[in-house]
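Per TrEMBL, the features are as follows:
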DOMAIN    1-227  domain 'PABS'
ACT_SITE  Asp140  active site, proton acceptor
Amino acid sequence: MSLPEPTPVDDASGQPQLRRTRDALTLQFSGSAAVQSSMSLLNPYALEFEYTRLMMGFLLFDPDPAHMLMIGLGGGSLPKFCHRYLPQTSIDVVEIDPDVIALRDAFHVPPDDARFRVIAADGKDYLHDGPTPVDVLLVDAYDGQGMPAALCEQAFFDDCHAALLPDGILVVNLHLESESYPVCLAFLREAFGTSLFEVVDDDMTNSIVFACKGERFDDMDLRTALRKPDGMSKDAWRQLQPTFKLIEATLILR
């Protein structure tokens, strides 16, 4: 399938922009040099960035979640990967920026259906309103300025805790160089106590924080954790196994 041509946008700060190279389509915000998302034109469903593969580490603890909620759509790398490789999982994605949602077709984000939908809403408000509790909650919400200040508050992470089922798992992407990083990490510790750990990617750019209700992390059997989950395709496992080894090593040292 050929990709549509990138839609021209205003150069106003914070506007999402598509950039095409010979091999990839990327999402950036005007006024920022950071690449928010990248899609391989040869394999649109591959997770190009290591941090996204790390965020899929929740599968080590819950290989077949019934219901997932994601805060932040971006280029849709994680939503479309989960939609493709977790066929039994219901997925809701909350995105505040209508201009980002408008790019979903360019990034091969699947259309809404019985088990997948993109919700145009403020992630903070959506969680505060008390959605149906979920098995897995992913937070990867950034704009041209970084993580929105409204998401770096104790109340937001308390709402994340409340949005999880018993033994539910929260995964948050934090930027190590951001001033908000230590603040958000402290809020997460306040909300989840000792039931969390973080894994840093090879570039020392992203910290992926895993937090849970209950003792799921302590009860994990590391001897079987790195076996391919039943039902997972070989393609998905090839992408995820190397980063899962990094998560396992972090847990051993925890």
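Residue numbering: from 1, along the chain as shown.
Every residue, even glycine, has its Cβ placed from backbone N, Cα and C.
In TrEMBL, annotation is done automatically, which means it is predicted and not curated.
Note that this is a predicted model, so its numbers are computed, not measured.
DSSP assigns Asp140 (active site, proton acceptor) to coil in the three-state reduction, placing it in neither a helix nor a strand.
Just so you know, the Cβ of Asp140 (active site, proton acceptor) picks up 24 other Cβ atoms within 10 Å once every protein chain is counted.
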